[in-house]
Protein chains: 2
Amino acid sequence: MTVASTTSTDARGRRPGGRSARVQDAVYRAVGTLVSTGFRETMTIPQVAEAAGVNPTSIYRRWGSVDVLLEEVAVAALTRDEPLPDTGNLPADLDAWAVIIAEDIARPHRVAYLRALVSARDDGGVETCPCWETRRAQAGQMIDRARDRGERVPEPRQVLDHMVAPLYHHAVFGLPIDADYARVLVTDVLRMAAAPN
Amino acid sequence: MTVASTTSTDARGRRPGGRSARVQDAVYRAVGTLVSTGFRETMTIPQVAEAAGVNPTSIYRRWGSVDVLLEEVAVAALTRDEPLPDTGNLPADLDAWAVIIAEDIARPHRVAYLRALVSARDDGGVETCPCWETRRAQAGQMIDRARDRGERVPEPRQVLDHMVAPLYHHAVFGLPIDADYARVLVTDVLRMAAAPN
């Protein structure tokens with residue numbers, strides 16, 4: 001399991017300590033195990049509680065529902081601890097970032113999480129995805145730095161739609177995904193920024 | 001259920017007749033019902049057979065596994081009977097096509113199918129997705145016509161990566177998806193084609 005390393009911060013960037021941190025570690029690890037052994041569709045809070053060795057009440061109180069818990073674990077697992085590239089120019093930043101994302105989400109455990117995240121979505125009007133918002137913030141940071149340096153830049157939305165989305169699409173649908181593909185997407189996005197209006 | 005209307009051709013474009021067509025209709029409808037009532041993860045061939053009122057052997061013989069069946073139904077449901085736009089210029093063709101896809105895959109049943117398709121993927125080395133290949137052929141057709149007319153065109157891959165993939169990504173992750181968003185993606189793709197090399 002690779003989940004343990006993701007538990008130092010939760011999806012909101014808090015760093016819980018003491019007993020709370022131990023519960024979170026155990027719960028994240030239990031969810032990771034259940035997801036990677038194929039329980040993602042049928043997972044219940046009592047099951048997670050049993051696997052984690054914690055009281056179901058603690059889970060209900062903190063997360064409320066399996067969907068919220070599953071999404072938080074997925075976000076933490078997918079966007080953890082990646083230092084954002086800062087090379088001095090946007091093309092190189094995006095290249096490095098795209099390769100980091102591609103390599104990260106192509107790993108079997110990450111793919112399992114992404115598919116779990118897809119399964120956990122329903123059409124009850126939820127129209128944001130925390131994982132997506134994290135990526136948007138990261139793209140915005142690199143783009144802001146580049147604009148400050150006077151570089152011609154794409155919009156953050158374009159980086160999400162044309163670099164991040166195709167990578168995730170390839171991962172969840174099981175299409176090929178590697179560093180070369182990631183770099184091709186970056187080239188395309190930079191062509192958009194360079195095109196005449 | 002909207003599946004019945006998708007059964008006149010199967011994923012390979014064959015039009016089975018008589019008993020074979022009745023079995024296919026019943027099986028597609030059963031899969032649609034099971035998928036939309038949340039059975040996608042645990043669906044078995046005997047279950048589909050029972051819901052369809054056909055002999056399990058007929059299903060095993062024709063489809064071999066639940067994954068193959070599920071994927072075929074999803075492809076048929078997602079790419080059925082759409083006449084490709086042919087307006088006389090690529091920007092208008094892509095605009096119309098993007099809106100057709102966006103409206104189609106944003107419907108609750110279609111989203112359920114797409115998520116079922118994601119759940120059915122595994123990492124056993126399958127690296128194409130029939131649904132994707134259908135879209136690639138459709139994009140190629142419109143681009144070939146435009147090139148013959150002397151228009152400046154993006155590559156089919158760029159249309160898939162930057163128009164189709166973000167639409168699917170938004171659908172499966174439950175992000176907003178509508179005609180305006182589809183048109184923005186088309187504008188981006190056309191900027192790529194217009195950009196200096």
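A Cβ is built for glycine as well, from the same backbone N, Cα and C atoms used for every other residue.
All TrEMBL annotations are machine predictions without curation.
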Which range of B:24-43, B:44-63, B:124-143 is DNA-binding region in TrEMBL? It is B:44-63
Averaging pLDDT over all residues of the DNA-binding region (B:44-63) gives 90
